[in-house]
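One structure below.
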Amino acid sequence: MFGFLKQVGDYTRDAVDAARNLTQGLSVTFDHMKRRPVTVQYPYEKLIPSERYRGRIHYEFDKCIACEVCVRVCPINLPVVDWVMNKETKKKELRNYSIDFGVCIFCGNCVEYCPTNCLSMTEEYELAAFDRHSLNYDNVALGRLPTSVTTDPSVQPLRELVYLPAGEVQPHGVSPDRPRAGKLPEQILEELKAAGSMKAAEDERESSSSASNMEESAG
């Protein structure tokens, strides 16, 4: 008898524990359901990096003095500085400068310790390539200014998305009760359908008017 009661008690305790764990998991799930979406539809939508984002390194050839401080402070000795000594001026003459972004860890030490500020971090993060050798940027590629996400005409930046209120950039911590800045996808689809129907009606009127004009001219 006591063994049966013990089994019933153990079963009840396990059932209560399982229900408690299930409730805790569902509470987390329901809490996330009330939040605004964070995922963006890349590449048609892109996140706007922060002001201190450490993206692709920009290099100014004219400012570089070939001191190789960037090489010494780099954890992996990554930058390759090709220079020769000018015997007349007794100064270094820089020939080439390259950084392999397939190996770079984007720590920013080279930018921080550069004495002439010829290196800077940009907001460019799209460095994917089919060939790893193409990730080795020379001084010409490093000198190219990146296209800003906020001025890229081919994408819709996050601050203009339908998910966020006007003036908001970060999706975290935004109250779901605040009105959205843009339009919902179904609203945009309805507008496109309405514009298409209006265009079709205009084309039909033009075709009918042209047909009537042809009949009048023929008569």
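Glycine is no exception: its Cβ is also placed from the backbone N, Cα and C atoms.
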Subject >> Annotated companion of Cys104, Cys107, Cys110 at the [4Fe-4S] cluster 2 site, Swiss-Prot, chosen from Cys74, Cys118 >> reply: Cys74
Subject >> Which range of 164-191, 192-219 is region 'Disordered', per Swiss-Prot >> reply: 192-219
**OP:** Could you check which of the binding-site residues (Cys74, Cys104, Cys107) sits closest to Cys114 ([4Fe-4S] cluster 1 binding site), going Cα to Cα?
**Re:** Cys74
Subject >> Cα-nearest neighbour of Cys110 ([4Fe-4S] cluster 2 binding site) within the listed binding-site residues, Cys64, Cys67, Cys70 >> reply: Cys70
Subject >> Additional residues around [4Fe-4S] cluster 2, ordered along the sequence, whose Cβ is within 8 Å of the centroid of Cys74, Cys104, Cys107, Cys110 >> reply: Ile57, Cys70, Val73, Pro75, Ile76, Leu78, Pro79, Ile99, Ile105, Phe106, Gly108, Asn109
Subject >> Distal contacts, the domain '4Fe-4S ferredoxin-type 2' (95-124) - CB-CB under 8 A, six or more residues away >> reply: 49, 52-65, 67, 69-70, 73-76, 78-84, 132, 135-139, 142, 145-149
Subject >> Which listed residue (Cys67, Cys107, Cys110) has most other Cβ within 10 Å, given these are binding-site residues >> reply: Cys110
Subject >> binding-site residues compared (Cys64, Cys70, Cys104, Cys114) - highest count of Cβ atoms within 10 Å >> reply: Cys70
